[in-house]
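Features as listed in Swiss-Prot:
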- S14, F15, W90, T93, G134, D136, L146, W147, R166, N197: NAD(+) binding site (BINDING)
- H22, K56, K139, T202, Y203, V204, R205: ATP binding site (BINDING)
Amino acid sequence: MKNRIPVVLLACGSFNPITNMHLRLFEVARDHLHQTGRYQVIEGIISPVNDSYGKKDLVASHHRVAMARLALQTSDWIRVDPWESEQAQWMETVKVLRHHHRELLRSSAQMDGPDPSKTPSASAALPELKLLCGADVLKTFQTPNLWKDTHIQEIVEKFGLVCVSRSGHDPERYISDSPILQQFQHNIHLAREPVLNEISATYVRKALGQGQSVKYLLPEAVITYIRDQGLYINDGSWKGKGKTG
């Protein structure tokens, strides 16, 4: 892994609730970047959206952060960061990226320290921060008034994207349809999930509301938390469903 560029992957979203598909995005993206021979993924960050995002059926951020922490108990490289969810208001994605980039700079400066014996080349390379998303997010860049062009350009030019394809999406076309994405496509990495994976948080919420099993769609610890906290449940639908959902 010598001379590879270190990378931190950041995923923003509702995580309402976090699913196994969210975790797979990180694994697929890491494999793809490693296979290029140029990058070494050193960390993954999950950033649940602020409560003021106003999305329908969005449970409180402290629950979503707690569920993400439980889901990541078995991961040695992905963590949840509550900063975005703890802000006074909803934060645009580019502002979340800026925050974590500043944190990387601060962390790197502290690690290097004022050591006069170190030459610049001897210092560890500053990790690149890249936004991790599904192809559905790439498609939303074309939605009128949803993203500012200046923000899209900053994301793809300064940071970069790692986009994991999902069935029913054509990321290459989304890029070719956007002058900004086309200009900076060298900084957009398209990874393909070889396993058909159609788990969505929307489906999970619907299944929970109808008292259906979500076992194997979510980490077991998350299912237990949802049951114990009574989240996404209508009319006591967990009754008679057993402890594992």
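Even glycines carry a Cβ here, placed using N, Cα and C.
Long-range C-beta contacts of L146 (NAD(+) binding site), restricted to its own chain and to partners at least six residues apart, with a cutoff below 8 Å, comprise T140. Neighbour count (other Cβ atoms within 10 Å of the Cβ, all protein chains): 18 for K139 (ATP binding site). The Cβ of Y203 (ATP binding site) has 14 neighbouring Cβ atoms from other residues within 10 Å, across all protein chains displayed. Relative to H22 (ATP binding site), the binding-site residues with Cα atoms inside 10 Å are G134, the candidates having been S14, W90, G134. For the pair T202 (ATP binding site) and G134 (NAD(+) binding site), the C-alpha distance works out to 15 angstrom. Neighbour density for W90 (NAD(+) binding site): within 10 A of its CB lie 14 other CB atoms from the protein chains shown. The CA atom of W90 (NAD(+) binding site) is located 21 Å away from the CA atom of K139 (ATP binding site). The two recorded residues, G134 (NAD(+) binding site) and Y203 (ATP binding site), have Cα atoms 17 Å apart. The binding-site residues examined here are K56, R166, T202; by Cβ neighbour count within 10 Å, the least packed of them is K56. Geometry remark: K56 (ATP binding site) versus S14 (NAD(+) binding site), CA distance 11 Å. In sequence order, P17, T19, V214, L217, L218, Y232 constitute the residues six or more apart from V204 (ATP binding site) in its chain with CB-CB distances below 8 Å. In the three-state DSSP classification, G134 (NAD(+) binding site) falls within a strand.
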